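Database features (TrEMBL):
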TRANSMEM  28-47  transmembrane segment
TRANSMEM  54-74  transmembrane segment
TRANSMEM  278-302  transmembrane segment
DOMAIN    279-497  domain 'ABC transmembrane type-1'
TRANSMEM  314-334  transmembrane segment
TRANSMEM  354-373  transmembrane segment
TRANSMEM  413-432  transmembrane segment
TRANSMEM  476-498  transmembrane segment
Amino acid sequence: MLLVKVVGLGFLAAVALFAALPLIRTDNWWGLAIVLAVTALAFYIYLSPRPVPLKYLLPGTLFLIVFQVLPVVYTVSTAFTNFSDGHRGTKEQAITAIEGASVKQVPDSTIYTLTLATDGDAATGDIVFLLADPTTQDSFVGTADGLEDLGDGSFEAASPGGKITAADDYTVLTVPEINARQDDITAFSVPTDDGAIKSQGLSAAFEGAPQQSYDEGCDCITDATTGNVWTADDSEGSFVSKDGTQRNLAQGWKVGVGFDNFARVFTNDTIRGSFLRIVVWNFAFAIATVAITFALGLLVAIALNNPLMRGRTIYRSLIILPYAMPGIAMYLVWREMFNKDFGLINRLLHTDLNWFGSTASSMFAILLIQLWLGYNYMFLVITGALQSIPSDLVEAAGVDGAKPFYAFRTITFPLLLVALAPLLITSFAFNFNNFSAIFLTSKGGPFPPDNPSAGSTDLLITYTYRLAFGGSGADYGFAAAVSVLIFLIVAAVSIVSFRRTQALEEIN
């Protein structure tokens, strides 16, 4: 037991050290304080004989916080910001990016032969440029402080004035090491009197000057070539055109926007129309999936619960077989079965229907897939509930002259709902956010030509995913706001449903 405790705490200390190093490097002192506090608390709990319950509660609590509480807090906080492509960092980072993107080569300046290196370890050392002038055959080292001559005999080159292959006190980076430091290399520049030396690919560098520069006095960006001026708008997190004749600069910074993201859902005509349509289909999909899987599962369970039926064990084994298969793989198999040109469905029906090409056929195909994947689960839980109902209740109803269907409707079915109502609510909540069912089959399509971000079979969850990670530009703040709305909708439906199921408890 002591050995297990020593190994466990040693592993925890190693993880804490691993987490602390990048926090120190980025000056994230709050994060470092949390890591140290959690580590100290864990050592106290497991080294002290007193807090026995906490020894069992701490691991689960930490996982709950890391995987549940923190994502929820981060999502909700993001919903009140403009976090998106072009609005990811601070204002200072935006200014640096704008000036860096506007750098153009100084006229008649030298194109240097570049070797990427560091002044120490390849992974952590400061980036330096080893530069060779092919015209004068001079060699230089460029650092964040400026340009210096490389001493004779302190470096090796492929040829006079050619690419430098080695240099004293510097580590030449290999291609994998360059890939690992790509962001650092892109952001690095060597200051000069006329501007700065920037890399151009992996083997060349040029001296350039920014065409757009920031003036702290007016809090604005000025284009030296055109004279256009963009003034900082801290409420929007963007540099906006001073006279309104130019588009806002694409690069901005992250700021709080209050309830603007939530308001967009209801005030933007395009988004409002798509959102309401998706909500209607989302409810229809979840309700229909639960209804058809429950209905088929109920019929099959009743049929196989009849003691007069032979081979019930074999039938039950075959029915639950799809439930034992990976759902993701089954969605992909069914998608190929509905393929227009080579799908099994079209071959059996001798047709060439594009199942995922129209709204109606796509919805039908999705619900059919859901029926095949979900009815076996309903069959399992209904079978268990049926077998838990005392048989003498049904027999007593028969003795009183009740017909089988009447006995089922008035006795068996209400008792089934008592046991199954929470499972039906859970199934609804799961299917309301069933990302795989849509993304792996129809991908949300077909899409209307006027709104490629909201498909005819999109659920709110797939719509949110496309907003956050779609190729047309990520809008994390708005996607987070939609996620909060999804949570509120599911929570409201679940609360109302659970309250109504309390009436079923009187049946017992």
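Yeah, the Cβs are placed from backbone N, Cα and C, and that goes for glycine too.
Automated prediction, rather than curation, is the source of TrEMBL annotations.
Fair warning: this is a prediction, and the values are worked out from it, not measured in the lab.
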Any chance the transmembrane segment (413-432) and the transmembrane segment (54-74) are in contact, meaning at least three CB pairs closer than 8 A with a sequence separation of 6+?
no
Let me spell it out: take the transmembrane segment (278-302), skip the flanking residues so only those 6+ beyond its ends count, and list any with a Cβ under 8 Å from a Cβ in it.
319, 363, 366-367, 370-371, 374-383, 386, 408, 416, 420, 424, 427-428, 431-432, 434, 454, 456-460, 463, 489
Relative to the transmembrane segment (354-373), which of 28-47, 54-74, 314-334, 476-498 accounts for the most Cβ pairs at distances under 8 Å?
314-334
Short question: which residues 6 or more past the ends of the transmembrane segment (28-47) have a Cβ under 8 Å from it?
5, 8-9, 12-13, 16, 19-20, 22, 54-55, 58, 62
